[in-house]
Amino acid sequence: MQLQDVLYGIAITNLVGSTNREISVLVFDSRQVVKDAVFFAIKGTLSDGHKYIENTIQAGASVIVCEQIPAQTVPGVVYIQVDNSSVALGEMAANYYGNPSSKLKLVGITGTNGKTTIATILFKLFRTLGYHVGLISTVQNHIDDLVIPATHTTPNPLALNELLQKMVDAGCEYCFMEVSSHAVVQHRIEGLTFVGGVFSNISHDHLDFHKTFDNYIKAKKAFFDGLPAGSFALTNLDDRNGMVMLQNTKASKMTYALKQLADFKAKVVENSFNGLHLEIDQADVFFKLVGSFNAYNLLAVYGTAVLLGEDKLEVLTALSNLTGAEGRFDYLTSSNQIIGIVDYAHTPDAVQNVLSTIHDIRKGTEQVITIIGCGGDRDKTKRPIMAQVACDWSDKVILTSDNPRSENPQTIVEEMEKGVSPTNKRKTLSIVDRREAIKTACHLAKPGDIILLAGKGHEKYQEINGVRYHFDDKEILMEQLNLIS
Ligand SMILES: CC(=O)N[C@H]1[C@@H](OP(=O)(O)OP(=O)(O)OC[C@H]2O[C@@H](n3ccc(=O)[nH]c3=O)[C@H](O)[C@@H]2O)O[C@H](CO)[C@@H](O)[C@@H]1O[C@H](C)C(=O)N[C@@H](C)C(=O)N[C@H](CCC(=O)O)C(=O)O
Ligand SMILES: Nc1ncnc2c1ncn2[C@@H]1O[C@H](COP(=O)(O)OP(=O)(O)OP(=O)(O)O)[C@@H](O)[C@H]1O
Ligand SMILES: N[C@H](CCC[C@H](N)C(=O)O)C(=O)O
Ligand SMILES: [Mg+2]
């Protein structure tokens, strides 16, 4: 491919050498450079890609995209200076793969909780309606029935555009993708053309990365600011920051809500372990998903489908048969009537939502036993709050490990313990080993009791000291409750 072909639309501030040359691949990691590669020097959170420019030239890179051209340039190498290398990577990745996002209808979903659920149900719905569809999500990526493992919630621009190109090649008309706040800030979605954006909600998370809640809101809002005229921006009006998202968007502004008037409105008629009964746009519909927070997710899906031109009744009929995403309020019952729920709640708000849903649908006499941990190398300020919420809404709580990553698991548990009030202490146990914690909960549970296993949902591993060991909450829960998968 010619370098000129991928430079379309790129604002170049300084250039050394000629753009009239052949290139092989685009890379942003010096360790992946091959002959005639274009290397993007990116200032990251841990390191600065500009440090590796010399190495990449020795390894064969012939084009360097950077924010500062080195004082000593190498003859024959092209240096392209831009204001922001991450933005250039997004735009050039889109060019390199033939701008696949403009060849299908791409909808992005953002928010603290609910992205995977909304994107996955949209994917399943549009498959049911007969379309070829792509999905980009935390749990897995899909091109119709083909599963492609996910490494991030939102992949890097090269992986993302490659995936979109494969979707186009496979004849996909739609793609539903999660847009994480990290991805917005790191410009992973730069150069993509969206036909719509959906906002679920915003609450405490990722303050390690964004530093303040205000910055976190701004990151989510930037996604809507970037939507083009002619697209739609669908927001949750019941969320305190729902309208903030739409303040500066060029997209047409649409709303959904349970508690007030909105373009798409629903009312929860009944919420039980059998599912949700909603009155939605004047129709009475039963859904398989459990929990009032899922009423929001279903409404977001319904609104999106209608905005994409689908028939309301057909959408509701198909939706009523669908299940949610793996590891989200995934529940099973043992032969002696102990209920086990595996859920991905890993923020204070999600823990509260799941436990209040359990509270709403429990009969009243049974105990709720919650097993919960917090991830290492992630927002530390949420640790005591998550423990506090778990205690306030449960009869027994076992504090344990999630993915400790590079941190000491015992220390994380101790930081969670700081959120346990003296009155809540008596119902709390700390067991650092997650498998032991699950075993203990199953021993403590009596018939009718509800065990909530929060935080890891679909994950099939536990990351300790940088090593990922096989670990599956649902598998262990089933083993302990004598259920066969
Ligand atoms: C904190 C964060 O988001 N980090 C992401 C980021 O890496 P970084 O900025 O830290 O990179 P860095 O290590 O500082 O290096 C800077 C640059 O130098 C390059 N480099 C580095 C070393 C070297 O030897 N040679 C070299 O060229 C790197 O390739 C990079 O281009 O950019 C990388 C490439 O896109 C990502 O893989 C990486 O994700 C890490 C693994 C990660 O764990 N990210 C999580 C927090 C994340 O993104 N999560 C969100 C979901 C959050 C949610 O739940 O909402 C997601 O979208 O998945
Ligand atoms: N609309 C919602 N409002 C609040 N909590 C929700 C909502 N939907 C799901 N949850 C809770 O949040 C958890 C995570 O849901 P989901 O995986 O859909 O969110 P996500 O935004 O994709 O998360 P991540 O940022 O990790 O990708 C669920 O297991 C559930 O406990
Ligand atoms: N996408 C989220 C997932 C958190 C899941 C939880 N199990 C943890 O490891 O903290 C993150 O990377 O922050
Ligand atoms: Mg997700």
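Cβ coordinates come from backbone N, Cα and C, glycine included.
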- Note on the structure: Listed alongside Asp402, Asn403, Pro404, Arg405, Gly455, Glu459 for meso-2,6-diaminopimelate in TrEMBL, from Arg362, Arg378, Arg426, is Arg378
- Using Cα positions only, nearest of the recorded positions to Thr117 (ATP binding site) (Lys220, Arg378, Asn403, Arg405, Gly455): Gly455
- Item | Intrachain neighbours beyond the motif 'Meso-diaminopimelate recognition motif' (402-405), with Cβ under 8 angstroms and 6 or more residues off its ends | 346, 372-378, 412, 434, 455-456, 459, 461-466
- Query: Rounded to a whole number, how many Å is the Cα of Thr116 (ATP binding site) away from the Cα of Lys220 (N6-carboxylysine)?
  - Reply: 16
- Note on the structure: Greatest Cα separation in angstrom, residues Arg378, Asp402, Asn403, Pro404, Arg405, Gly455, Glu459 binding meso-2,6-diaminopimelate per the record, works out to 17
- Within 10 Å of each Cβ, count the other Cβ atoms and name the one among the binding-site residues Gly111, Pro404 with the highest count. Gly111
- Message: Going by DSSP assignments with H, G and I as helix and E and B as strand, what are the residue counts for the motif 'Meso-diaminopimelate recognition motif' (402-405)?
- Response: 0 helix, 1 strand, 3 coil
